[in-house]
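S.K.: Pasting in a structure now, in structure tokens, and then I'll have a few things to ask.
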Amino acid sequence: MVSRLRGFLAWVYRWITTTDHKDIGLLYLVTSIAFLLIAGSLALLFRVQLAIPKSNFLTGDAYYEAVTVHGLIMLLWFASPFAFGLANYIVPLQIGARDLAFPRLNALSYWLYLLSGLVLLASFFTESGAPNVGWTLYAPLTARIYTPGIGLDLAALAIFLFSLSVTLGTINFLVTIAAMRAPGIGWFKMPMFTWSILFTVILMLWAFPPLMVGGALLLLDRNLGTEFFLNPAGGALLWDHLFWFFGHPEVYILLFPALGAMADVISTFSGKPIYAKRYILTAFLIATIISFVVWMHHMFITGTNIYTRLFYSITTILISIPFEMAVMSFIFTLYKGRLVYTVPMLFAVGALLNFIIGGSTGVYLGSIAIDRGFRGTYWVVAHFHYILVGTVTLGLIAGLYYWWPKITGRTYSERLGKIHFALAMLGVALTFLPQFALMDMPRRYFTYDIPEWVPLNQLSTLGAFIFGGSMAIGLVNFLYSLVKGGSAAPNPWNSWTLEWFTNSPPPKHNFDGVPVVRKDNTVVFVSEEALSKYGKDAIVEGRVDVSNVPLSGGQSHSSHGLTHHGTTDPLVLAAGLTLALFGLFVSKPLSYLGAIVFLLSLARWLWKDVKNVFAEELPGYVEHWPFPKDKIRSAMWVFIASEVATFGSIFSAYFFIRFNPVGKFLTEAWPPGYLVHDVNVGLINTIILFTGTMLFTLAYLGVKRDNYLITLSGLLGTLFMAIYFLTVKYFEWKELLIAGLGLDAGMYMQAYYVTTGAHALHVILGVLATTYLLVKLFNGNLRGRQALSEVLAVGIYWGIVEIVWTLVFPLYYLV
């Protein structure tokens, strides 16, 4: 009994300390499926409610709670995390990497994802219940006067934590794909699934910051008395802009991984490379760009300028063209192919058919006139569910069936899989096709008494239960596979992408030797010694015969650092942060406890970095063009890109509020900054910040020349200037508050405090980073190429902090 308990505890400890990308991928998959079961159960509840007119199965509040949480989970906590479960496991294998660039950040991203979802679900157990304002969280319904209690606060907090998780994951995947590809894997030799994840994380990089900013402003409105979404100067339209600038790219964030998985599946089981791959990748790139200029088609009926509506109508129709190209590519790949109708192939083709239906019905909504008629009806519900359920969910299930033998080393029942597919397709059709005919039924009614709607709603409810049953069959199939499934061969599908060139499941180090993809597309495995001896280019070009060169397997994967990658730090850090923020709404002592845990865990994390416990440099043979072979600097540039979106959202809100004619007419005038603030104080802080940045340049030169005194002087000078800046800012705020210019002094002061507060928070993070470098210097570890990368990364960070201030100063102190 004791030995079993010890074994169980060891098993639990392994999973809570793992940083291996394959383990993290499995955690994402299992957790996202659990969230799917919750969201699906909520959907069945409100479908039962709608099956009968004047039903009392659910109260109005219960119905709206179910719809709201269902939508949020499906949008945020199921589809993307499921895709990233597959991506965590498969992408490093497809590009020949040992792991993601930052294994601990990968684990931290997962734990933040899990805990954010639990925070959302915790809202059900509050006195006010879960949020019931709809998954779009439209203002002004979200104001405390209309939605009291902490349920909505917890939902906003959950979204904030989830967005933080996404940011960390985005950095990790972009750096991994850009700078850790095995020799010979150029950009166009990457499989479609890896390409789709690359486009996805690029979208995430700029789509999630507006949501995070919007969520933060919502929490301020509800808890500190600001009026960003209540005052007519901001109001519902400001929320619409922030939410939908995230919301429409989110559609493609969900769609791209499914299309990538479908492409790999269709290519494999057609026996042909994907048709016109380079053109499709170009189309996906164009779609990625256009996706950021279509969000206002969700706002056609808000009274925006007719020419603005016309522009967004055109972009909405234009963005369909890249996806039409993808559909044609898949069809031409299938045409005259050696088709093998396996379970993953059936799901991929079924998802393709659903995509045609969902996509074509969405194009109608690009018309301003048609959108006016369909907006807020079940036509829209049917359209986006054909995309999100019929295409995204089934496409990702195709990927799961496809890679299941690789992930588990087990086979599954083809018969159960085909039953799963048939019922899923039937369920999608019965659930959502009737809803196109319900184009005159408002989508947010919890009951109705119109007889003509009854048969269609009952068909839809029947379809929902059939679809739910199909998912249960799929789950049984996977569980059966784990218990009774036969052993899977390393490459059961005779595929040609790199993940199939290792065992099923892969070993901890992924590959025995370093995979090299030669110019003729053959794959060889060599040791790191051979790469160093013969050179990467010679092996890739086939000028060297490596068939008899030993792999030296133990050495070739030692750089993965498996012996010391296990750590509880990501879990404890995520738990501390979540507890600290959760406690603000539930219990202040809980918040204090969480803050202590967070700070201690962060200190422990950074101390290990000071001691270079996890320090790893990229091997010299990786493909990284055109990016630097420096993952720390690359990660900082990616983070800076997300910061551009974050502060871009804040400044966009500033301009929207300041120049909104409705706000000017109904509210107080926006005063010139020089009448409110002392320009000299702003100028002094500008000089302080610029001086600190120049001193940091001195520190960089000191590390580069290995000069301790110059480095110390530069870092201490930067730290002093940053603290001086914060001190000046503190006394400036204090004087404003004494003068009665607090958050209750109007939108101008609210915008000022939010903008300068966000900037000050970034200065504090800079202080933390500079202190870390100082501690590392005192410990004698701030030297060499790794240290130079860290110093340069922190210098880049100080640069963006300085640039933001050059915008804050004139906007709030001069004009």
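Every residue gets a Cβ built from N, Cα and C, even glycine.
Heads up, here are the entries from Swiss-Prot:
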REGION    1-467  region 'COX1'
TRANSMEM  26-46  transmembrane segment
BINDING   His70, His385  Fe(II)-heme a binding site
TRANSMEM  71-91  transmembrane segment
TRANSMEM  105-125  transmembrane segment
TRANSMEM  242-262  transmembrane segment
BINDING   His248, Tyr252, His297, His298  Cu cation binding site
TRANSMEM  314-334  transmembrane segment
TRANSMEM  339-359  transmembrane segment
BINDING   His383  heme a3 binding site
TRANSMEM  419-439  transmembrane segment
TRANSMEM  463-483  transmembrane segment
REGION    545-815  region 'COX3'
TRANSMEM  580-600  transmembrane segment
TRANSMEM  708-728  transmembrane segment
TRANSMEM  736-756  transmembrane segment
TRANSMEM  791-811  transmembrane segment
S.K.: Would you kindly list the residues that approach the transmembrane segment (463-483) from elsewhere in its chain, counting only those six or more residues past its ends and only Cβ-Cβ distances under 8 Å?
M.R.: 33, 36-37, 40, 43-44, 47, 389, 397, 400, 404, 408, 410-413, 416-417, 419-424, 426-432, 434
S.K.: Please list, in sequence order, every residue of the chain apart from His248, Tyr252, His297, His298 whose Cβ lies within 8 Å of the Cβ centroid of the Cu cation site.
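M.R.: Surrounding the site, in chain order, are Trp244, Gly247, Pro249, Val251, Ser291, Val294, Trp295, Thr316.
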S.K.: From the binding-site residues His70, His383, His385, pick the residue whose C-alpha lies nearest to the C-alpha of His297 (Cu cation binding site).
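M.R.: So, spelling it out, the nearest of the binding-site residues is His383.
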S.K.: Cβ under 8 Å to the transmembrane segment (708-728), counting only same-chain residues 6 or more beyond its ends: which ones?
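M.R.: Here the qualifying positions are 681, 684-685, 688-689, 691-693, 695-702, 760, 763-764, 766-767, 770-771, 773-774, 777, 782, 798.
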S.K.: Mind checking which residues reach the transmembrane segment (339-359)? Cβ under 8 Å, same chain, six or more beyond either end.
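M.R.: Tertiary neighbours of the transmembrane segment (339-359) are 258, 261-262, 265-266, 269-271, 320, 323-324, 327, 330-331, 383-387, 390-392, 394-395, 397-399, 401-402, 412, 414, 417-418, 420-421, 424-425, 428, 493.
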S.K.: Using a Cβ cut-off of under 8 Å, list the residues of the same chain at least 6 residues beyond the transmembrane segment (105-125) that approach it.
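M.R.: Counting only partners 6 or more residues beyond its ends, the transmembrane segment (105-125) has Cβ contacts under 8 Å with 18-19, 21, 24, 27-28, 31, 35, 38, 65, 69, 72-73, 77, 81, 88, 99, 131, 150-152, 154-155, 157-162, 164-166, 168-169, 171-172, 567, 569-571, 573-575, 577-578, 582.
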S.K.: When the Cα of His298 (Cu cation binding site) is compared with the Cα of each of the binding-site residues His70, His383, His385, which one is closest?
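M.R.: It is His383, whose Cα lies nearest.
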S.K.: What mean pLDDT does the predicted model reach across the region 'COX1' (1-467)?
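M.R.: When the pLDDT values over the region 'COX1' (1-467) are averaged, the result is 96.
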S.K.: Rounded to the nearest Å, what's the C-alpha distance separating Tyr252 (Cu cation binding site) and His385 (Fe(II)-heme a binding site)? Just drop the number here, would you?
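M.R.: That separation, Cα to Cα, works out to 14 Å.
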S.K.: Under a three-state reading of DSSP, tell me whether His298 (Cu cation binding site) is helix, strand or coil.
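M.R.: Where His298 (Cu cation binding site) sits, the three-state DSSP reduction gives helix.
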S.K.: Can you work out which residues elsewhere in the same chain, 6+ from the ends of the transmembrane segment (314-334), have a Cβ less than 8 Å from its Cβ atoms?
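M.R.: For the transmembrane segment (314-334), the nonlocal Cβ contacts are 259, 262-263, 266-267, 270, 272-277, 279-280, 283-284, 286-287, 290-291, 293-294, 297, 349, 352, 355-356, 359, 362-363, 365-366.
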S.K.: Count the other Cβ atoms sitting within 10 Å of the Cβ of His298 (Cu cation binding site), across every protein chain shown.
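M.R.: Taking all protein chains shown, His298 (Cu cation binding site) has 22 Cβ neighbours within 10 Å.
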S.K.: Measuring Cα to Cα, how many Å separate His248 (Cu cation binding site) from His383 (heme a3 binding site)?
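M.R.: Distance between the two Cα atoms comes out at 14 Å.
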S.K.: Please report the distance from the Cα of His383 (heme a3 binding site) to the Cα of His70 (Fe(II)-heme a binding site), rounded to the nearest angstrom.
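M.R.: Cα to Cα, His383 (heme a3 binding site) and His70 (Fe(II)-heme a binding site) are separated by 17 Å.
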S.K.: List the same-chain residues at least 6 positions away in sequence whose Cβ sits under 8 Å from the Cβ of His70 (Fe(II)-heme a binding site), in sequence order, or say none.
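M.R.: Result: Ala39, Leu42, Ala43, Phe46, Trp135.
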S.K.: Report, as a single number, how many Cβ atoms besides its own are within 10 Å of the Cβ of His248 (Cu cation binding site).
M.R.: 21
